[in-house]
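Feature annotations, reproduced from TrEMBL:
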- 179: active site, proton donor (ACT_SITE)
- 289: active site, nucleophile (ACT_SITE)
């Protein structure tokens with residue numbers, strides 16, 4: 001994929017360990033995770049991602065951490081700053097080190113294109129899963145959940161500064177919701193995808209009420225897992241990864257939204273990649289969980 005005029009997109013992913021069947025999960029059927037199939041699905045995900053970004057960096061799996069493919073939870077990135085998190089479940093805290101090691105050896109970090117901070121150094125009481133953080137370009141919404149606390153939201157306010165409003169959104173009272181991005185993700189500048197459910201509608205109302213009338217358009221989809229979309233933007237829209245299996249109505253709505261967007265065109269609809277991530281769904285995983293997108297200056 002050719003780089004945009006002034007920016008380059010890097011995707012950071014982590015391989016699937018042989019212990020993935022032991023991943024944390026509240027989903028029925030979690031014990032039936034097929035690790036071999038999960039690795040195939042992960043390869044398909046990475047192959048699709050390579051078509052939409054300039055570079056994909058792969059961090060090796062660690063069998064000591066069954067949830068390590070869910071790399072999104074370990075780091076929050078925006079505007080050239082990365083904050084290493086402190087995941088809210090104790091069994092996942094060790095996943096962060098390998099991600100931090102990658103940043104410290106990355107050319108972009110050495111060149112000063114990426115600044116790195118650590119949540120634990122900002123506040124030892126803060127816990128944060130990256131799946132609770134939705135960066136829209138205008139705001140950074142932070143879901144206050146069972147895994148992410150108010151101290152973490154305050155840390156992000158300090159890390160990203162006054163030019164990026166950090167907006168806490170309470171989701172602890174929404175039954176069965178693990179992370180904010182289980183309910184809502186970004187489609188493009190000023191556009192969101194929200195699951196059409198009581199919880200999705202509630203979180204949409206809370207987000208709208210928290211940003212003082214700043215307007216976001218939204219696409220409501222009927223399938224919970226289809227609401228989690230990886231939509232890739234730099235100077236222009238590059239494409240998207242969507243959950244396709246058993247989510248036909250949702251996929252059709254998303255394709256229509258991308259086709260009508262001012263930042264895309266019908267010729268780009270081939271860049272909407274439909275994926276079946278059944279084994280990751282069994283582990284409470286969604287599409288955004290499996291990658292971190294970094295935007296850095298073009299070389």
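Positions of Cβ are set from backbone N, Cα and C atoms, glycine also.
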Here the Cα-Cα span from residue 179 (active site, proton donor) to residue 289 (active site, nucleophile), rounded to a whole number of angstrom, reaches 10
So if I measure Cβ to Cβ from residue 289 (active site, nucleophile) and keep only same-chain residues at least 6 apart in sequence, which ones fall under 8 Å? 69, 70, 71, 72, 73, 131, 228, 280
